[in-house]
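Database features (TrEMBL):
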TRANSMEM  47-74  transmembrane segment
TRANSMEM  95-114  transmembrane segment
TRANSMEM  177-202  transmembrane segment
TRANSMEM  339-356  transmembrane segment
TRANSMEM  362-387  transmembrane segment
REGION    403-439  region 'Disordered'
COMPBIAS  404-414  compositional bias 'Pro residues'
COMPBIAS  419-438  compositional bias 'Polar residues'
REGION    456-481  region 'Disordered'
COMPBIAS  466-481  compositional bias 'Basic and acidic residues'
Amino acid sequence: VELSLLRFLSAELTRGYFLEHNEAKYTERRERVYTCMRIPRELEKLMVFGIFLCLDAFLYVFTLLPLRVFLALFRLFTLPCYGLRDRRLLQPAQVCDILKGVILVICYFMMHYVDYSMMYHLIRGQSVIKLYIIYNMLEVADRLFSSFGQDILDALYWTATEPKERKRAHIGVIPHFFMAVLYVFLHAILIMVQATTLNVAFNSHNKSLLTIMMSNNFVEIKGSVFKKFEKNNLFQMSNSDIKERFTNYVLLLIVCLRNMEQFSWNPDHLWVLFPDVCMVIASETAVDIVKHAFITKFNDITADVYSEYRASLAFDLVSSRQKNAYTDYSDSVARRMGFIPLPLAVLLIRVVTSSIKVQGILSYACVILFYLGLISLKVLNSIVLLGKSCQYVKEAKMEEKLFNPPPASAPGKPPNKSQNKCKPSQEENLSASVTSQPVHPKENVIPLLVASSSDQFLTTPDGDEKDITQESSELKHRSSKKDLLEVDRFTICGNRID
């Protein structure tokens with residue numbers, strides 16, 4: 001056949017092809033599109049649930065913690081009246097509550113020596129580029145403080161409540177206490193500088209600093225989208241995004257309080273701040289959606305993984321209500337998400353007390369009513385979260401793990417097999433278990449060191465490795481949900497991010 005330009009054009013115009021010859025490829029492409037369309041809905045469901053979990057832990061500091069400290073002090077002062085029935089003067093939970101309350105009070109009075117107005121004018125006098133660099137450094141410092149801060153607090157709690165029969169292997173409660181006070185104070189100052197920088201950005205005339213700070217969120221997409229992620233790594237990132245979004249909400253609240261105070265609480269000025277607040281929140285939400293959508297696309301992760309993440313967070317809440325619970329829920333949130341409520345609570349109390357002047361009987365009555373309203377909000381939020389958490393745990397079929405005792409072993413010794421045989425009956429209802437109080441240990445039994453499951457490292461097996469035996473393949477198949485329960489915010493997974 002002779003080649004000609006006309007024949008070539010005719011072949012190009014009439015050339016055909018059949019997509020069904022590669023049906024699997026195009027079906028996969030269509031499923032990726034559907035997955036990206038599902039990501040915003042599934043991600044926001046996880047974000048909303050996680051934000052309310054952070055809110056529950058944050059409100060606990062203002063509402064139930066003062067009441068628990070009062071009850072612990074009342075028990076301590078009235079102890080001679082009814083005799084010493086137990087070997088402990090106070091229960092471990094009461095000791096931790098008193099320590100939290102004392103740290104909160106001490107840091108609150110220490111914050112009075114930090115001048116917010118001087119800090120505001122000092123930051124306002126800096127150039128835009130310098131403030132942008134400062135804000136990025138503050139974000140990095142906040143993550144470093146959070147990663148080490150909960151370890152300091154956990155070390156203090158364990159040192160104060162460790163059984164006396166154990167050999168002394170620590171520097172003492174008082175040094176740990178001073179370390180915790182110093183950490184909370186420094187972290188509160190760091191968050192104050194963040195809030196002040198954000199306040200300067202809101203009050204700048206050309207809004208250039210606010211625009212640059214918002215564009216910093218989009219730089220986060222470049223730093224994370226084109227990296228390899230496993231399910232554990234994505235879980236860590238999701239928890240970090242939840243903590244970051246809730247912290248931004250509190251910082252925006254602080255900025256609004258400071259601005260409203262400067263304008264004598266004129267409600268018209270609130271509508272001036274409202275567009276900027278909405279712009280910051282919208283940019284943060286858009287960045288999270290785009291980031292997670294492309295991460296799941298490039299790493300072939302389905303949108304159903306966010307329901308597993310939600311079930312893991314719900315498991316933490318439900319397990320903290322068990323009678324064999326080994327940690328407080330606020331501490332569990334701190335380990336899982338990196339959100340430590342104490343420094344943020346100290347700063348918010350400092351800002352509220354300096355912005356709002358309470359004078360007269362009517363003002364004190366309003367404060368009492370506001371406190372009762374906070375308690376009502378905390379109780380309502382806890383009840384709704386507990387109900388939703390039980391539902392998520394049942395949907396994920398994780399009820400059996402709730403009735404298993406926490407892993408306990410002596411330091412340097414493997415756990416005893418006989419302890420695993422002692423399990424409660426399955427007839428025990430879930431709702432009754434989550435409302436039970438801890439059972440006091442017997443005096444003749446030496447307490448064992450409780451190891452938190454979130455502190456253990458369990459790597460996700462690579463998909464390229466071949467299974468040697470059928471038993472190992474079954475363990476690998478069941479390891480996905482188990483891994484999520486053992487991954488906290490700062491765990492270094494075996495499959496590291498490149």
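Every residue gets a Cβ built from N, Cα and C, even glycine.
A TrEMBL annotation is a machine prediction, not a hand-curated record.
Among the stretches 177-202, 339-356, 362-387, the one making the largest number of Cβ pairs under 8 Å with the transmembrane segment (47-74) is 362-387. Ranked by the number of CB pairs under 8 Å to the transmembrane segment (339-356), the listed stretches 95-114, 177-202, 362-387 are led by 177-202.
When Cβ-Cβ distances below 8 Å are used as the criterion, the transmembrane segment (177-202) is approached by residues 99, 102-104, 106-107, 110-111, 114, 116, 119-120, 123-124, 131, 134-135, 138-139, 141-142, 145-146, 148-149, 152-153, 155-156, 209-210, 213, 247, 251-252, 254-255, 258-259, 273, 276, 340, 342-344, 346-347, 350-351 of the same chain, each at least six residues removed from its ends.
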